[in-house]
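Q: Got these off Swiss-Prot a minute ago, pasting:
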- 5-91: domain 'PARP alpha-helical' (DOMAIN)
- 70: ADP-ribosyl glutamic acid (MOD_RES)
- 152, 182, 254: NAD(+) binding site (BINDING)
- 193: site 'Nicotinamide-stacking aromate' (SITE)
- 288-308: transmembrane segment (TRANSMEM)
């Protein structure tokens, strides 16, 4: 009899394989990072030996994971350790992730404000749904306040922790305008902070990905930005600058959130690095064998010259001209 966790993982992967694949990819990226001790959080307890994390054993098992299509078609007994690991990756009491359609990206663009410059549409889009009590707590904090939607760019290796633990202001490394989580209404700016990184080699999304978070932010005074005072055209200076800011006022299009309870990730935009366009098979073969081809042509030319200069050819040619 298979463990109940396997059945739940099978059901989740079968229902939305791309979403399950994404979680495996984010896990793999964190595991491969040189900062794995800090970015791979949560960490599977079955690979913890007291206070030590057995990364070598985890890396060995993760490297043997087949792609999800193959795993779903196999019997659990043949991939016991794989199913144990995938079950852990897909389990969460706080949230679930769904793949979303292209229409959702148009909605996101409207929520964040129409882009001033052309922005690339994501190859894949995912929506995060939160369970209670986390969801109820967020809306309790929100109260009657509006929601702001903005983008957050980060390295791929950070997203395993981001989706499970949220964005934490004190962990932010960009502090020119003060301590906090930096977001922007401009997707092209967020993409600068989201370089492509190595994910999961067997991913259906692709082995090299870039990820941008779309966050819901409660419109609270602790969210610093360029905003006007209520019923006025004047900028609200209390919200335009953070105490001890080295760079002065928050620039337009940026938001700096100084309270962890005021934001959460709602969508993930995923960009897959396209393989370089291959030349035609003929050109590809020629580029690999150009030296042999040139020598062959040279020898053929010598043969032609030799034949032309031969007495037999000259005799035949002279007779043909008569």
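Note that Cβ sites are derived from N, Cα and C of the backbone, with glycine treated the same way.
Can you tell me where each of these features sits in this structure?
A: Note: residue 70 (ADP-ribosyl glutamic acid) has no non-local neighbours, i.e. no same-chain residues 6+ apart with C-beta under 8 A of its own C-beta. The secondary structure of residue 70 (ADP-ribosyl glutamic acid), as reduced to three states from DSSP, is helical.
According to DSSP, residue 152 (NAD(+) binding site) sits within a strand segment. Residue 152 (NAD(+) binding site) counts 24 other C-beta atoms within 10 Å of its own C-beta, drawing on all protein chains shown.
Counting only residues at least six positions away in the same chain, the Cβ atoms of 152, 153, 154, 155 sit under 8 Å from the Cβ of residue 193 (site 'Nicotinamide-stacking aromate').
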Q: Inside 10 Å of the Cβ of residue 182 (NAD(+) binding site), count up the other Cβ atoms and send me the figure.
A: 25
Q: Per the record, NAD(+) is bound by 152, 182, 254: how many Å separate the farthest pair of Cα atoms?
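A: Taking every pair among 152, 182, 254, the longest Cα gap is 10 Å.
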